[in-house]
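> My questions will all concern the structure given below.
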Amino acid sequence: MMTDADASSLMSDNHSEGGSLRAPATKRNAVYRFFNGLFRYRKTSLSIFVIFTLILGVALSFIDNSLKYSIDLPKGKLEEKILNESWIDLQAIAQRQHPYASSENDAIHHYLKTKISQIADEHKHIVLDNDLNGTNRFFFNVSYKSVAYYESNNLLVKIEGTDHSLPAFLLSAHFDSVPSSFGVTDDGMGIASLLGVLRFLAAHKQPKRTIIFNFNNHEEFGLYGATAFVNHPWFKKVKYFLNLEGTGAGGKAMLFRGTDHGIVKHFDKVRYPYASSIYQQGFANSLVHSETDYKVYKQAGLRGLDLAFYKPRDLYHTEEDNIKNVDLKSLWHMASNAIDFTTFIAENEIDENGFDEAAVYTSILNNFYSISSSKLSAINTVLIVLFAIINGAFLFFTLKYKKWHISISNLLYLPISAFIVWAVVSFLATQVIQSSNPFLVSSHPILLVTTIASIAVIIFYLVSRLVSQSLDLKLVCILELSFVYWVLLIYITRGIFIDKSDQKYSGEFAISILFLLGATTSLLGLLGWMFSKSHSNKRPDEQPLLDGASHERYTSDDDDEEEHEQRDRIVLQENEHSYDWSLQYLLTVPISFYVIYNSGWLILQGINKTVQESAISQKFVYFVIETFSIALVLPFVPFVRYINRLLVSGLFAMTIIGSILVLNTDPFNEQNPLKVRFLQTLNDTESTVHIYGRGNDVIPQFLARIPSVEESKTNIETSSQDDGVKVHSYKTKLFPHILPYNTSEEYLEVVVKNSTDVGSFGINFNEVVIKAPKNRLCNIDFRGDEVKAVLVKNSTHGFPPFKQLPDGFSHEGDYVYKDVDGISKLFLNKLDWNNHFDIGVYWLPGINDKSNVLDINVECFWADLSPVQDGRGETKAAIPAYDELIQYSPKYVTIANRDRGLVSVKVKSDNHFATQAIYGIVTVMGLPVRKKRKGLQYYDTRPFI
């Protein structure tokens, strides 16, 4: 029998046990309340989701695009050794500027030949061929009515494969730089990577496929080295290629473009893929004005890839493209990808699948994804038709049978607010930012995007407060955005369908992703209406989105308003488990934000510096800024009404602070400098420096502080070009020391001769001899299309009659190019420093040309910055005017070359050689004198067949 004490004891034990059982339950309730509060549709929860979306999206993009966090240095002994040797090679290559027209270029050629010979001598299956033997000289068509003569000294290496039935694989990079750059990124890292791949292959067994390396020269001003290889006998063996290039200054090496999906898809074999077909689309639409050797190889029928560094362009082609501004990881990123891709191609057969289809591709966190244009077109077509039918049917059902009444204000909210946003953003970008601080985008593009996007969100938010508070607004916005993406997807798919090899739409895969997310979210929202009861008697804020049994409510944070407090209590009591809003948000917003942000960031990083290059580029860059900023906000628009006042206040603060910074931040700094271009011209004993750029008043201000300008009190004259670039010119006493003379006459002399042979077809002939010591580069401009053939003398034979010349390029002792449509410009490139250019010109006067005299303008360039010694043994700067600018320009200024050289001398003929030459000397020989003018003689010519 239980006593009172026992009962009391038992009750005490039960109470203790009950307390211990309730403790875990209490913890579970706390966790439950936390997630319940987080995922309920209230302003605080939504604002937390928005903040986390922004942080995670930006962080993911930053990590993916970061060299530091996405690339690891090698750990294996062989790869460590290869990287160290390649880094030493890079340092040797980049000691000095080494353009084609420099003695340092010859030194780099010798260095590479020595290194390659050391490897080739140890392996019988590795062969070195040197174009310097003079056999690879040729003419080729550069562009319409423009022809180039080139003497090649490429270094070619062939690793014989064991299976000769397989076509060869080409690796290519160029070892020249522009005159103003040390060429570390462009293209020293490409050359160092080729040496690394060569050492890697030499350390392993003989490959299955033949591998050919083209260490080519003179890429910078015409892609000459690649064109020379196309004329080499080894070219016939090649079918695939990998071109290594640099159009920036460090960072990660991007897969710029690929000829077709069949070859691009194998880029997934590299360990650190970094790629986006956005850049491929940019090239295809001519938005990128510079070119690489990839163009030559593709036009020649090869299949391959273009792997290149792509930013920043304000250091590209300047003295800042040097060793101290690049990272060892940059070199390893390019070298390791080249090793991996080459290793795969060398040992595997490549099928023909996808050879005629453009590739659509991207990468994320070292994972590569690609799809052919035809497959993407098929997927897009399915999405377009499927969601149009399903979503259209469900929308019709909900409107007709479920009595979903969409108010006019909800229906028009997105179009009207988007129009207002576009109008305001366009006004700010065009009338405010571009008029007050147009070059800020060059250094702070994200500041502009953040400020403009904040303004856009505020406008969307304020307009949303004027419309109905119904939950319909969210679903209506999602449906309308899906429709916009649907229309864009139809346009893109049509372009792909017309020509599956066309790359003009290959970077717009993001639209497919955005539409899929939006359409799926729309479908889920419509399904909620499909399986719900009638809503005709419910308040707008009680309408369900997905679950007909759980009616969604909004929880307000406006606790100071009694009405909102009462509504919050009702919502908490009735709708504690309504989480369908979070499903819609998580499905559509985070991924959409990342896709838009990362795509926009990549585009801006590739083009924002071009604002310094032309007024047209500036307009395009700001168009991208406007589009990017608005697109970045669109995923949040369906939810923007319900962000809390703290986040709204933060947006207002960002707008105010951002606006102040946009209007007052200096656009140029040491990390993001103003890029100007240099050219020094010689006229008799006068020397003039021309600086080209778009820095408004910044350029003449810093030029006025250059010592030689200050001392001479010379005026800085400014003129404008059609593309918005201004030319600032000043006279200088700093004459070049390339030659031991102080007159342009010693730099360039042009002798024009004629033939006394007469023919019956009216073709005239002149021999033009260009004498330019220590020179490799000259241009000849002809009037109109009179010239029908040009010949570079290379033999002791006489000039052949015109009728014996075949069309196009031919070589029988002399080098000839004939085009009956006419030749208006001739580019001349030779290796010998002191030989003259001896040119034969066959031309036909115009019908109305009574003078029967050929107009000809000659310009020659010097680009060698190597110090020179005068007659007394003193070492002097070759181009002191350039060195002075490098030394005394502010840190926020970088200097690049304007043309093929840094110094230019011209011979101009304004009236058939009848007037005094502006630069240099013109001599006309072999003709009877008609008359003299200003010390020069000009003469009639004779027909020559």
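These residue numbers are counts, starting from 1, taken along the chain as shown.
Cβ atoms are placed via backbone N, Cα and C, with glycine included.
Copying in the features that TrEMBL gives for the protein in this structure:
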REGION    1-22  region 'Disordered'
TRANSMEM  46-63  transmembrane segment
DOMAIN    154-341  domain 'Peptidase M28'
TRANSMEM  378-399  transmembrane segment
TRANSMEM  411-433  transmembrane segment
DOMAIN    414-567  domain 'Vacuolar membrane protease transmembrane'
TRANSMEM  445-463  transmembrane segment
TRANSMEM  475-497  transmembrane segment
TRANSMEM  509-531  transmembrane segment
REGION    536-566  region 'Disordered'
TRANSMEM  585-608  transmembrane segment
TRANSMEM  620-639  transmembrane segment
TRANSMEM  646-663  transmembrane segment
DOMAIN    674-905  domain 'Vacuolar membrane protease C-terminal'
> Taking the transmembrane segment (620-639) as reference, which of 46-63, 411-433, 509-531 has the most Cβ pairs under 8 angstroms?
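The stretch with the most close Cβ contacts to the transmembrane segment (620-639) is 411-433.
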> Give, as a single whole number between 0 and 100, the mean pLDDT over the domain 'Peptidase M28' (154-341).
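Averaged over the domain 'Peptidase M28' (154-341), per-residue pLDDT gives 95.
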> Does the transmembrane segment (585-608) make contact with the transmembrane segment (646-663) through 3 or more Cβ pairs under 8 Å, each pair 6 or more apart in sequence?
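The transmembrane segment (646-663) and the transmembrane segment (585-608): touching, no.
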> Cβ under 8 Å, sequence separation of at least 6 from the ends of the transmembrane segment (509-531): give me the contacting residues as numbers and ranges.
277, 360, 362, 371, 376, 379-380, 383, 387, 390-391, 394-395, 397-398, 402, 404, 474-475, 478-479, 481-482, 485-486, 488-489, 492, 544-548, 580, 583-584, 587-588, 591-592, 595-596, 599
> What residues in the same chain, six or more past the boundaries of the transmembrane segment (46-63), come closer than 8 Å to it by Cβ-Cβ distance?
38, 69-70, 364-365, 581-582, 585-586, 589-590, 593-594, 597-598, 601, 636, 639, 642-644, 646-647
